[in-house]
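Below: the structure, in structure tokens.
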Amino acid sequence: MMKLAVACGLVLLSSLLAVSSTAEQFDFFYFVQQWPGSFCDTWRGCCFPDTGKPAADFGIHGLWPNYATCHGRDDDAFSIVGRRGKCWPEYCEEEDGNALSPWEIRDLVASLSRSWPTLSCRGGDSFEFWSYEWKKHGTCSNLRPHDYFARALELKAAHNLTAILAGAGIVPSDTETYPMSGVGDAIAAATGATANLQCNRDKDGQTQLYQVFQCVDREAKNLIDCPLHMRSRCSGERAKLPLF
């Protein structure tokens, strides 16, 4: 019995050491939410998931581990389409060991379908979208799959961007535009943390608010001020929040 206990202890210790030695050393998470109207109102358009048209609400795009300093670069600002692997870790597990199992998130599927739907026309299956996000970003999060997705849902529920902006008079409209500084100020006032904004262009070339990048601590639990300023088309702009 003593030998068995010692053996089990050694196995547990080696497992813990393996986990600690392979833990990804990133600095914070980007919690990214996108406005569906801005995703769809572009030249490429969008397609609704199998579950139907999502609500007119910010939807989760991802929870992405990120470095505070881009590796191999000296500047303190970067584009979200920066050089692969320099500003964030990705694909951190072996190919055969990083697949997301539906069983692992079975109790979250209904919430994920509402809050993290796909709008891509490459496929209407949101699970494929979640699987891709897990494989590319989640495997670098030092979290188990269930915790990774559950914490993203908790962050969205705790900081309702649609309600925050509506409270500041920023509501969906195809004619009204809003100063992006006002959007950033409203989010900071309501959440206690600064965020980065990303804009895109609609089919007529008008600027529209596309994504909000909120920064989160390494445990994926608490918002923090974003340590990096993200270059984007929102700088000094007014933009619309199109109807969806």
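The first residue you see is number 1, and the count goes up from there.
In case you wondered, yes, glycine gets a Cβ from its N, Cα and C as well.
As written in TrEMBL, here are the features:
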type	residues	note
SIGNAL	1-23	signal peptide
ACT_SITE	His61	active site
ACT_SITE	Glu133	active site
ACT_SITE	His137	active site
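In sequence order, Gly62, Leu63, Trp64, Pro65, Trp88, Glu90 are the residues of the chain that are 6 or more apart from His137 (active site) and have a CB within less than 8 Å of its CB. Taking a C-beta cut-off of under 8 Å and a sequence gap of six or more, Glu133 (active site) has these contacts in its own chain: Gly62, Leu63.
Counted within 10 Å of its Cβ, the other Cβ atoms near His61 (active site) come to 22, all protein chains included.
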